Ligand code: BGC
């Protein structure tokens, strides 16, 4: 871990260029707008180590599975978010020598991610091998207003020489994924055209026929005066650009404005891509860079109004939480229900950019509280649309009915191929059911149940019904051969969390059936007929609910993570020599599997989800027992611990856990940020503040808050949207002040007291 980024409330700042941390910075300084994302690669050529990454949401490649030992049921492919056309490229040469920071002495390098206004900037002075010294200032962003537009301003000033500068703005579709299974390129050329002042490239994927078209235009100014230049048109395989030469004297600044439209066949007809790109490019280029940047700043201003968290008295914490919120808003904007949130967002290739249970278990609460309900509804509809595929997936694994959602997916099909995860980590089905409950409970949108929710719940319940087995001798239902959320155990019997979430799904499904029967009877009849739901099934679910086996140690008063857990050597993590940590980099898999150490919240995940079903004493006993064995080697772990610790009044522990999640990428805690940021766990960090320190829960349609200020902060505030109102909650000293920023009144319970707050009203409550 190397802390090299400067602390600042609104920006991420890197001072000085170190090629060793460049790939980490490429991840951290990524920009995105929910439709495309771009790692912080340099515009000009760079021959040092770099992970190139320009990503278009939803454009993926089914890369043929590569395994040593094929097992029946494995998916044919692993889906990968594609590194797409490099649209940022602007090559710079002086008298034929390329500017390449790997071959220069770099001075006064500053890279800044301005989170308030949503842009990336970079400035530096480079001394080239022949002594030429020049200054560069570059800014770029992808517009959150015009989703297909990216814009760059790139200014170069020679400091000690006169020369000819050659500038080549280009589009290059001849790119690769680093994680390609067979080292093949995934793109084929469809069209390219270099014209004076513009260029266009269309590429398509070798499989699935995704097309991506990029069209660029540019202008070049010297000392603020626009130049009319003759360009050399350059076309190569999947590449088109303009090569322009400008004589420049010491102290003169040559500025290139490059505007690019990136469009895909996901949103436009195949025959119209170039036209569609031109149609969005022209008005953007006409509007000018400054105007686009202003639009961007205003739009980000609006986003911050909805989702900002202010922490006073701790700049590191302030910067971190804003970074997390910024990345989440850059990754998913919720307008397109075919899109989702990959564990790395648009910041790297790892995890393939695919959808995991992370979305339902960790990300949904962030979008529920910081955006219109339609946004989180779209996250649920995404899974509804995959229901048929989830049913196929269950059939493929030998189930006669029900749906098993995939652990990893792009289009509803499973595309993960580690048996212990693909076949066994079935608890994900529970998170998808839980998300429906969470959404309805938070928003009060009961219409979702009849429209979409019930079908998913019934099919998941059917899966659980068939996945459990009845043990007559014990008159109980068991679930054998699973992997729980703690992936440091495989093929265990009766993982408490999985058994519990399975049974809970059936309970909730029965409740929803009851609700629809009473409140939307015609729809109930229609749906039960469509689903061919038999009374025998619901009776069976009742039976399973009543007789589900939950491993438990009565003496300790704790739920057992799985059968036999107490037979392990119970040595807490604090007694391990730290040289062993992280275990996944130091121990054999065999040793990890046999050990007591827990990768991430497992029993505690259940106590977190189903928090209102367990009393504090139960939560405390389980937390006290499991936390000491937990190594938090998944970035999704500390947040759950932080939230539970808050509830239990373990304030120091809560803060310690919060710190492990908040600056995970900024401080590269897990030594892997170069692969991309831990985007889905960022939502967990947000939850640590709002659900943890803020104590947010929704009970019977009422928003409950139970805030306390971590000792290291002087105050904090956050915004939450709740059933039409937007509330700013500020916690300061002994007071919680809540301002309603909308005209919709709200009912609240703050630190145990009921309040009603009028439109644009304000209340003050005593904090804990
Ligand atoms: C975690 C999973 C998670 C995945 C993607 C793994 O390390 O154990 O729970 O879904 O990462 O974030």
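For all residues, glycine too, the Cβ spot is worked out from N, Cα and C.
Among the features that TrEMBL reports, domain 'Glycoside hydrolase family 65 N-terminal' is placed at 13-266.
Mean model confidence for the domain 'Glycoside hydrolase family 65 central catalytic' (322-687) is a pLDDT of 97. Taken from TrEMBL, the feature domain 'Glycoside hydrolase family 65 central catalytic' covers 322-687.
Positions annotated as substrate binding site by TrEMBL: 357, 358, 599, 600. Counting Cβ atoms from all protein chains shown, residue 599 (substrate binding site) has 22 others lying within 10 Å of its own Cβ.
Residues near residue 487 (active site, proton donor) in space but far in sequence (CB under 8 A, at least 6 apart, same chain), listed by position: 420, 421, 425, 599, 600, 634. The active site, proton donor annotation in TrEMBL covers 487.
Feature annotation from TrEMBL assigns coiled coil to 510-537. Residues 446, 449-450, 453-455, 457-459, 461-462, 465, 545 of the same chain sit 6 or more residues outside the coiled coil (510-537) yet have a Cβ under 8 Å from a Cβ within it.
Per TrEMBL, domain 'Glycoside hydrolase family 65 C-terminal' is recorded for 696-756.
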Reported in the order helix, strand, coil, what are the DSSP residue counts of the domain 'Glycoside hydrolase family 65 C-terminal' (696-756)? 0 helix, 38 strand, 23 coil
Extra residues within 8 Å (Cβ to Cβ centroid of 357, 358, 599, 600), substrate: 356, 361, 485, 487, 634, 636, 637
Just checking a number: largest C-alpha distance across 357, 358, 599, 600 for the substrate site, rounded to a whole Å. 16
When you measure from the Cβ of residue 357 (substrate binding site), which residues in the chain that are at least 6 apart have a Cβ under 8 Å away? 407, 427, 428, 431, 432
Note down the number of other Cβ atoms within 10 Å of the Cβ of residue 358 (substrate binding site), including every protein chain shown. 25
Residue 600 (substrate binding site), number of other Cβ atoms within 10 Å: 24
